[in-house]
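The block underneath contains the structure these notes are about, expressed in structure tokens.
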Amino acid sequence: MLTINYFIWFTQDCLREVKFVMPASKTNVECAANKKGIFVSSTGTEQGKTILASGIAAWWKSVTGAAPAVWKPVQSGVQWGASNADSYRLKWGGGLEDKQEQDIVSLAFSAPLSPLAAAARENVSINCAALRREGITRLSQGLPLVVEGAGGVAVPFANTYTMCSLASDLELPMLIVAQPLLGTISHTVTAVHYAREQGIPDIAVVMGGLAPEQLEREHECEENAQIIAEQAQVPVLGRLPWIPQPVMHDPHAWSSWRAQWVEAMSRVSLLCDWLMGRMNEVNKERCADSSSLTSDC
Ligand SMILES: Nc1ncnc2c1ncn2[C@@H]1O[C@H](COP(=O)(O)OP(=O)(O)OP(=O)(O)O)[C@@H](O)[C@H]1O
Ligand SMILES: C[C@H](N)[C@H](N)CCCCCC(=O)O
Ligand SMILES: [Mg+2]
């Protein structure tokens, strides 16, 4: 317990910097041996990343018997402990009851804005080098790591450091949640191209869930998925189930959500196979050059 508290204090202290302090300079950091994990991103905010990241954790626990590590580097616009906070939903949706929300989310800001802007409102800037080091530390702890970004692929933590910069520094495959219906093609193809340009070679897309009133448009979603796959030359792994998370604190309701989600997600076989490969993968050879894990903010 003491160790965990110290870790949280250390993390929060390191990641917040007084505004106008220059970001930490490029340093060689310890390589994450046995690196395995994924970075969940999307084409924008409110697309289903938390649903998916928590659902992946619940699914992984049901398949392997052990929960993965889950990390949301920065959340904004919510309070700790609120049932709409990503920290809360990742904890309960992922079946991580033994974790504190502060173990899962490193930095929280109250303004509902990008991490860059929300931090600025509180007169701090995010120390990207510390964020990167923290990611490497979390990756080195033996469990597969599921990272949830904030907003879409190009949302900044700092001026020149986006969700993709962190995913690329951590050499994580990226899973992009796309809107299922009209308007998704351009956003999703653009997001995939941006992620590739930012140095992420291993990218897949999954279509977001269709609410019951949208189910009659299933065919439209399938056409969109096919067009995205062709236009962006990217694997599209299927469509997520639609299973709303509980809106209040009720451990039984969360347990029931996890069971329903796992059952439904298990039927999205391309997604499960893709995850199996990435969350089991051991990337020792990539560790030879630890300096490749760093870049300036
Ligand atoms: N597959 C789904 N089943 C049920 N509800 C969903 C699904 N996908 C999205 N939602 C609902 O849509 C809303 C947005 O989803 P979510 O919070 O997961 O988005 P997000 O991408 O994590 O957003 P942020 O950028 O704030 O982190 C939530 O209210 C969520 O309950
Ligand atoms: C507050 C919100 N729910 C997310 N946590 C942050 C989303 C940032 C999106 C920024 C943008 O694309 O303009
Ligand atoms: Mg979220």
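Note: Cβ is positioned from N, Cα and C throughout, glycine not excepted.
Here Thr50 (Mg(2+) binding site) comes close to Asp86, Arg89, Leu90, Gly93, Glu148: these same-chain residues lie at least six apart in sequence, with C-beta atoms under 8 angstroms from its C-beta. The annotation Mg(2+) binding site is assigned in TrEMBL to Thr50, Asp86, Glu148.
Per TrEMBL, the feature active site maps to Lys72. Under DSSP, Lys72 (active site) is assigned to a strand (E or B) in the three-state scheme. Around Lys72 (active site), the same-chain residues six or more apart in sequence whose CB sits under 8 Å from its CB are Ala53, Asp86, Ser87, Leu90, Ile104, Val105, Ser106, Val147, Glu148, Ala150, listed in sequence order.
What TrEMBL records for Ser76 is substrate binding site. Sequence-distant contacts of Ser76 (substrate binding site), defined by Cβ-Cβ distance under 8 angstroms and a gap of at least six in the same chain, are Ala108, Phe109, Ser110, Ala111, Pro112, Leu113, Ser114, Pro115, Ala118, Ala150.
DSSP classifies Ile243 (ATP binding site) as coil under the three-state reduction. Under the heading ATP binding site, TrEMBL lists Asp86, Glu148, Gly149, Ala150, Gly151, Pro241, Trp242, Ile243.
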Near ligand 1, which of the binding-site residues Thr50, Ser76, Gly149 are found, taking a Cβ distance under 6 A to any of its atoms?
Thr50
Which recorded positions among Lys72, Ser76, Asp86, Gly151, Pro241 have CB under 6 Å of ligand 3?
Asp86
Which ones in the same chain are close to Trp242 (ATP binding site), with CB under 8 Å and 6+ residues apart in sequence?
Gly209, Leu210, Ala211, Pro212
Please go through the binding-site residues Thr50, Ser76, Ala150, Gly151, Pro241 one by one and keep those whose C-beta falls under 6 A from any atom of ligand 2; give the result in sequence order.
Ser76, Ala150, Gly151
By Cβ count within 10 Å, point out the most packed of the binding-site residues listed: Ala150, Ile243.
Ala150
Can you list, in sequence order, the residues of the same chain other than Thr50, Asp86, Glu148 whose CB lies within 8 Å of the CB centroid of the Mg(2+) site?
Val40, Lys49, Ala53, Ser54, Lys72, Gln75, Ser87, Arg89, Leu90
